[in-house]
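According to TrEMBL, the substrate binding site annotation covers GLY46, GLY47, ARG68, ASN160. The domain 'Aspartate/glutamate/uridylate kinase' annotation in TrEMBL covers 6-238. Summarising the annotation, TrEMBL assigns site 'Transition state stabilizer' to LYS11, LYS219.
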Amino acid sequence: MSANKKTLVLKVGGALMQCEMGLARLMASAANIIESGQSVILVHGGGCLVDEQLEANGMETVKLDGLRVTPEEQVPIVVGALAGTSNKILQASAVKAGITCVGMSLCDGAIVKGSIKDEQLGFVGEVSPNDPTYLNFLLAQGWMPIVSSIAVDGDGNLLNVNADQAATVIAKLVEGQLVLLSDVSGVLDGKGQLIKTLDKAHADELTKLGVIEKGMKVKVEAALEVAQWMGQPVQVASWRDAEQLSALEKGESIGTQVMPH
Ligand SMILES: Nc1ncnc2c1ncn2[C@@H]1O[C@H](COP(=O)(O)OP(=O)(O)O)[C@@H](O)[C@H]1O
Ligand SMILES: CC(=O)N[C@@H](CCC(=O)OP(=O)(O)O)C(=O)O
């Protein structure tokens, strides 16, 4: 791997797992980027798969400010949908695209420290960067880690972590370039138009107005946190435009550029 290129940390949302064409395109782009000498880490969600699995088991989905309230009885279903089904769907697609990948979660190699975020949310985790050794080892082999957002705390509780928040921690761990890929072209304004650049003041204003809400509120907060931490913009874009990812290398922007200031 080239030493002067930052590792690309791509976060994909759950809707991708239900779109075969989107999956194939994303993996083809990732394969090209890896081929060009840049390392890639894929961090993924799977919220819609969790919703489906909960419903199939007669359980309710409750969210607070974009985060799933996760009572103890839902933990096995959440873990199965994220660390199991979602992770393996992505691995299968990566292998098909010729990528050597390793399926993992936030529980592996002590990469992060996890704790319960807020008792109100149940088994929802907050994570902080801990030790990048395992990830760096995988990247040094030219392999692509595929990371689900399941973590564990010091007491051995499995925790459900929002995948955008998981991606911020992975980006910090490897000091990588973070791109949050969702099912929308980026952050949209009140008229549904794409916002090309977004700073904190503008994001706060749109959040107050209710234009940025739910999952996008969590995503923008995650993007702002990493942009400020790294001192460089973070992109929020669509996985439907995965072929545009190569434009990033040329310094071009895709989707919404979330600014550090
Ligand atoms: N201002 C906004 N711009 C774009 N999407 C928004 C906005 N506010 C709320 N959303 C919602 O946020 C969703 C993306 O967040 P989320 O569902 O968590 O995505 P993912 O699963 O890809 O992480 C969009 O599909 C949209 O429904
Ligand atoms: C605590 C929390 O909200 N966890 C998320 C984890 C999955 C996720 O974030 O998936 P997307 O990226 O597809 O939204 C959830 O259970 O839905």
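Every residue gets a Cβ built from N, Cα and C, even glycine.
Secondary structure at GLY46 (substrate binding site), taken from DSSP and collapsed to helix, strand or coil, is coil.
In this structure, LYS11 (site 'Transition state stabilizer') is part of a beta strand by DSSP.
Classification of LYS219 (site 'Transition state stabilizer') by DSSP places it within a helix.
In the predicted structure, the domain 'Aspartate/glutamate/uridylate kinase' (6-238) carries a mean pLDDT of 97.
Among the residues the record lists as binding substrate, namely GLY46, GLY47, ARG68, ASN160, the two farthest apart have Cα atoms separated by 12 Å. Each of the recorded positions ARG68, LYS219 was ranked by the number of other C-beta atoms within 10 Å, and first place falls to LYS219. Other than the site residues GLY46, GLY47, ARG68, ASN160, same-chain residues with C-beta atoms no more than 8 angstroms from the centre of those residues' C-beta atoms, the substrate site, are GLY14, GLY45, VAL50, THR70, VAL78, ALA81, LEU82, SER149, ASN162, ALA163. Between the binding-site residues GLY46, GLY47, the minimum number of other C-beta atoms within 10 Å of a residue's C-beta occurs at GLY47. In the three-state DSSP scheme, ASN160 (substrate binding site) is classed as strand. The 10 Å shell around the Cβ of LYS11 (site 'Transition state stabilizer') contains 29 further Cβ atoms across the protein chains shown. Here the Cα atom of ARG68 (substrate binding site) is found 14 Å from that of LYS219 (site 'Transition state stabilizer'). When the alpha carbons of LYS11 (site 'Transition state stabilizer') and LYS219 (site 'Transition state stabilizer') are compared, the span between them is 10 angstrom.
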